[in-house]
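Structure first, then comments.
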């Protein structure tokens, strides 16, 4: 057992909506004792149903030794849930005042050294930790739905969060098979949600302006960019669209388009400094793998992915009208 | 042989960069004769190399009877390339004047009934067809890299394009195993690129503002949203994030976030009309499949997709720094 395993034995989940339940399923599958609290009527039954639904996928991903759905306890008060926990995951609705109130209670009843992670999609940690007695052990730990399958968790500390807490949290989330992405600059929406939100708002504009239906937007992503982003993300994907010279050529060719009204979002100035950051970032991500090898890997991936899409959601075929 | 098969026998590709070569590979794999023209030195050798690289993936996807790399001919003039072609795909660099000049030559030398499709990423068809002798047979047919694997092609007619031409083009692109998405409202960037461009510009801002490196942006997409979008697109994905009540609940919970600075893009007003469009679109995309069944399909898909990502691009593991 590693040190980190010894330090985190009991986990508390506060708020059991879609995200809270996702955490519970992941924690249980990773072999932890979980205590949950949610004041909503019928919350426990809903959670147990969600965990049962998720379990077959979790088995396929691989359960930790000792993992059991029986190791979940619902308790009637927040105090009971957090008083004995080593890590508390907060998942109440995305309203600043509500979150601050709940976090104040967690802070009050938790052990002083327990780590508090908030699943907030967009509120900055410095805002949420204001007024806590022990703000140093608070951080944003923002996951993605379904939490029990998707590996990404964004970790963002506030001004009062210690580096030691961020480091320890990263080790813990990694231990439970996640990819902790530490974000060093606080910003509304953190990182992933800013990207998602930009696309989401543009999509809402397109629907609002009568350019497309939601189904056409879904089709435009499913059969195009969505397939590529899953493997390499937006930057490395464009690195491959530039041919042999990669991102350098891509920026030469499409840089001028940043001035065009191709979205309602204004682009930053494509300065030499920004260009070099982008080019070098792509070259570093690609590592020693040549563009031609990258293309081969991408192609093989896409051929298999198209089969998967067809296997699990052939209904998208109906999105493209004849 | 269908009527459409009889109508399209010889295809011309003008401009053989990454996109033009992608078209050539797809056309050849689908069993067509292809004539290509590009004034750049060494263009033919580059194209043949690209097609060779793509061929193993095309074999996996399934070659049409008679498909052969030998059925590609490079010719020294645009006139020779297009004079005998039934469909001409234009892929010169994304500069309006250049495209208009090349399209004027294509229009001049092509058979009057030949269809001209432009691969333009963002220029509106009405702009490009201005001044053509036969503007009625011109449309935007915008594909996605790698064109020989990704099925999406956006079809946009200009003011002068006939409905018959759009319909015939849709039949043709479908015949070559694509998903033609007909877009009825002309707009800069069409549909898919607007979504991609919004995310891309936000990503550039994040890099420019020092919030994240390009590699962190890639990680944020690869391990999060990217995995989900490949299957169901942004709208249906959020439909599932709303729990049992789907998008209706999602908009209640995250609608207010549209007022928050979670991206540099301002959102539209979330009117009742827009809400209903979005909710009904998601319900229609989901069809008779319940949220719980959708979740099951999503989960099974994601479990397999994570394996694929690991199999073909384990290098992304290095993106998340320890």
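Glycine residues also receive a Cβ, built from the backbone N, Cα and C atoms like all the rest.
Copied over from TrEMBL:
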BINDING   A:15, A:16, A:17, A:18, A:19, A:20  NAD(+) binding site
DOMAIN    A:10-185  domain '3-hydroxyacyl-CoA dehydrogenase NAD binding'
DOMAIN    A:189-269  domain '3-hydroxyacyl-CoA dehydrogenase C-terminal'
Interface-proximal binding-site residues, chain B, C-beta separation under 8 A, candidates A:15, A:16, A:17, A:18, A:20: A:17, A:18
Non-site residues, in chain order, whose CB comes within 8 A of the mean position of the CB atoms of A:15, A:16, A:17, A:18, A:19, A:20 at NAD(+): A:13, A:21, A:22, A:23, A:38, A:91, A:119
CB within-chain contacts under 8 A for residue A:17 (NAD(+) binding site), separation at least 6: A:38, A:91, A:93
Number of helical, extended and coil residues in the domain '3-hydroxyacyl-CoA dehydrogenase C-terminal' (A:189-269), per DSSP: 62 helix, 0 strand, 19 coil
